[in-house]
């Protein structure tokens, strides 16, 4: 239908069409199969361990099975075998199914299975038209995942007139055989309808008594357990008082009051007369039902209940009459497990009469489980990162405590972050919490804070042995520990400390030499730091750092004078030897100054002052001066001097000239002075000759000085 067609229709029709479309869409969604709400897995085949099939009545296998006879399937189950299996460990929502063949049915109600504290472990209900019971594990198993198991008593009845087939059936891995309770020929008869067995006559007892009959659960009991307590007393002609206190949660069976008997609050009283019975006796059935008993009118007796205690009074009894007081009690169908003993004591006129009966034909059972707890152990190992530490070094002390971070999440989602303290050198258990099994605990640690003397490396995690529950991160700085039941998972945390290290510096300063003189010089320093010795090469004006040493290390630094000597100069080193203490600040920096002292500068041929060549200049100038003095007499007189009037024959005294060599000293004379002049010319020309010879002496001296300077320059080049 398009828009144009809708325009021509009345509005109500359009609205109805729209609503019909929406309804059809909703129905379409409803008709689509949805995912089952079942979230758990069927664990019947895994957890059921045994099944026992019995006749609650205790009848023999040769007796036929009737539809009112209770049969009991006693089923045991356990999840313990799989509690460490990640795929089959019990989880909330997992379930067990106990299925019956078509000829058997269970009572119309199932019971929950609880532990000793009353906590529900499994919630059970009938299924498949009372041909099965299905029990689902509750959240109980989240915190109580260990040793989970239990027992279920499943009360079943045969379906009247049904054929007994098959002869066996399975409940989980267990096979139940019908031949264990019935003979084969009886099985062939099928399930027979009920019959009323007449009571056998009995002679009235002479003494008072107390008995009980555990009826259990039947179709007429509305899924309640029933007990009939019977007290037989002889009439005394006076009043009778009975106090009967019941065990457990027994209360009066109210439905019994609907019968057409003189019954009230779950109790009736019947009377028999001895004189009316023959030697064979009679029965306690009412006369109307073929027995010998008559009801005691309700107005002739009283009953009062106080919780589970009944007080019965008969104001007037008759001698020769016997009274049977029947008290019917009801209780939950799982109050008394099959096979348990139920006791009762009745006080009749101050005398106690006891009775104990065995529970049967009960539905129910029990379950159990416990929390799985485990622990983790943390061992702190503190090690030194160096082989030798300096004297007086203050490192971590034994007994120091270290902070470790733990992170985990409880099954209910509660997040925990806790810091625990562990002591170096021991596995710490007491200070650590206990964890539920399966809890994942993440362990981390921040490296301890550095101190003035030492520093810490990042912590390293190491698991002990091959514990598969401990996983170490790739950087070894985190661990995840999965807690096991009743187990201790161990983890070692290694912290490595080392003294803080630093270096000292050496700066070389040079005074007294030109930059060109020291450009290629390398000054060598020898240092001794503890047991370590080494060398540093430093150039003038440079600063060189030493290798790293632990803070506080004492170092001795000495300069090698051989590498610092400079020819012709004296050397002063300040300081000659230094002791430094390695520190992280600049307090250990060392500055060494070399001071060089030499001769005054001389002027070379270029006119510039220079101190180089001074050792050469001294001998040259000295030689020139000596030569000038030696030549002075020769240059001034031309030869030896003679006294007037003397002759050249024979020895004569030889006068000395100041500054001339001593006698016997060989003096080489210049060739220019070898020609002897006439005496007259020597005397007449003495002043003139002397003046000319002094000029020559000065020239010779300057010649020798120039020669020396040339040699010095050649040496420097």
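Using the three backbone atoms N, Cα and C, a Cβ is placed for every residue, glycine included.
Per TrEMBL, compositional bias 'Low complexity' is recorded for 649-665.
The feature compositional bias 'Polar residues' is assigned by TrEMBL to 667-676.
According to DSSP, the domain 'SDR-like Ig' (81-146) comprises 6 helix, 25 strand, 35 coil. Annotation comment: TrEMBL describes 81-146 as domain 'SDR-like Ig'.
Taking the domain 'DUF5979' (378-483) as a whole, pLDDT averages 81 in the prediction. The annotation domain 'DUF5979' is assigned in TrEMBL to 378-483 (among others).
Annotation source TrEMBL lists domain 'DUF5979' at 504-597 (among others).
The region 'Disordered' annotation in TrEMBL covers 640-683.
For 1-37, the entry in TrEMBL reads signal peptide.
As annotated by TrEMBL, transmembrane segment applies to 692-712.
With DSSP states grouped into helix (H, G, I), strand (E, B) and coil, the domain 'DUF5979' (504-597) comes out at 7 helix, 50 strand, 37 coil. Residue counts for the domain 'DUF5979' (378-483) by DSSP state, with H, G and I taken as helix and E and B as strand, are 0 helix, 50 strand, 56 coil.
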